[in-house]
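Enquirer: Structure incoming, see below.
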């Protein structure tokens with residue numbers, strides 16, 4: 001819903017259908033290849049234009065920073081500064097996506113703010129320029145501007161939209177109730193590679209999608225491989241992976257029968273207990 005001074009946007013989470021790492025770059029980032037897809041679970045961003053001042057409010061299922069370290073607010077400040085605008089804003093974030101879960105919630109919020117302000121303020125910035133601006137906020141932010149599945153390379157900011165998606169659309173998503181730090185995950189991966197405890201990507205060819213960060217994250221958070229093994233042994237998914245740098249684990253199924261998914265989520269809730277955030281979702285081909 002939008003008017004000239006108000007817009008209400010959906011900011012979907014994403015999953016990574018594989019994440020391959022091809023070494024560390026001179027700028028400190030890692031060279032990546034990952035297929036990312038938006039899903040039907042997401043936050044909501046409401047923006048109202050004001051005569052002056054910047055107001056930010058966050059409600060919902062999870063607490064997030066309410067200062068300029070929040071990516072949604074940071075995106076708004078960057079957009080206004082980039083275009084030399086003094087417009088006042090009220091931003092209301094309804095937080096549904098757990099932070100620190102490898103689901104890109106903060107990045108999606110930032111992209112939704114950039115996309116919305118570009119429309120509301122009639123800037124008509126090109127997608128290329130918006131993506132360039134988004135890359136200043138984080139490696140995953142450009143992907144959410146594309147609004148469809150994409151193969152992402154570089155540090156994740158180089159986008160290759162995909163028209164063919166070879167995986168099932170329906171799945172189960174589990175957040176264990178604790179976050180994983182992305183810098184820690186990559187640092188641990190590098191350390192384990194140096195010790196020869198993890199083989200680099202070229203040595204790990206696979207017919208199915210692989211997340212190269214799993215071994216690093218699983219080495220500390222033993223609950224995650226246990227959950228992945230439980231899903232694989234009980235429900236035989238087509239794909240079961242940790243998303244991004246964790247901590248969420250997801251599974252995709254080719255089943256269509258609603259009874260299967262009802263049984264799936266009931267068994268997951270019974271096995272994992274009330275401390276886990278468990279949801280069914282669908283992959284979005286466009287949003």
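Just so it is clear, glycine is given a Cβ too, placed from its N, Cα and C backbone atoms.
The structure displayed is predicted, hence computed values, not measured ones.
Straight out of Swiss-Prot:
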- 14: active site (ACT_SITE)
- 140: active site (ACT_SITE)
- 98, 99, 100, 101, 102, 103, 104, 105, 106, 107, 108: ATP binding site (BINDING)
Enquirer: Name the residues of the same chain, 6+ apart in sequence, whose Cβ is under 8 Å from the Cβ of residue 102 (ATP binding site)?
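Expert: Non-local contacts for residue 102 (ATP binding site): 16, 180, 242, 243, 244, 245, 246, 247, 248.
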Enquirer: By CA-CA distance, flag whichever of 98, 100, 104, 140 among the recorded positions is nearest to residue 14 (active site).
Expert: 104
Enquirer: Rounded to a whole number, how many Å is the Cα of residue 104 (ATP binding site) away from the Cα of residue 140 (active site)?
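Expert: So the Cα of residue 140 (active site) lies 7 Å away from that of residue 104 (ATP binding site).
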Enquirer: Pick from 98, 100, 104, 106: which of these binding-site residues has the biggest number of other Cβ atoms within 10 Å of its Cβ?
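Expert: Of the binding-site residues 98, 100, 104, 106, the most buried by Cβ count within 10 Å is 104.
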Enquirer: If H, G and I count as helix, E and B as strand, and all else as coil, what does DSSP give for residue 14 (active site)?
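Expert: Assignment for residue 14 (active site) reads strand.
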Enquirer: How many Å separate the Cα atoms of residue 106 (ATP binding site) and residue 140 (active site)?
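Expert: Answer for this pair: 9 Å between alpha carbons.
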Enquirer: Measure from the Cβ of residue 140 (active site) and count the other Cβ atoms within 10 Å, all protein chains considered.
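Expert: Taking every protein chain into account, the count is 29.
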Enquirer: Show, in sequence order, which residues other than 98, 99, 100, 101, 102, 103, 104, 105, 106, 107, 108 on the same chain lie with their Cβ within 8 Å of the centre of the Cβ atoms of the ATP site.
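Expert: Going along the sequence, the neighbours appear as 13, 97, 244.
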Enquirer: Pop the Cα-Cα gap between residue 108 (ATP binding site) and residue 140 (active site) into the table, whole Å please.
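Expert: Computed Cα spacing between residue 140 (active site) and residue 108 (ATP binding site) is 8 Å.
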Enquirer: Can you check what DSSP calls residue 108 (ATP binding site), collapsed to helix, strand or coil?
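Expert: DSSP call for residue 108 (ATP binding site): helix.
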Enquirer: For residue 108 (ATP binding site), what is the tally of other C-beta atoms lying within 10 angstroms of its C-beta?
Expert: 29
Enquirer: Helix, strand or coil for residue 98 (ATP binding site)? Use DSSP.
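Expert: In three-state terms, residue 98 (ATP binding site) counts as coil.
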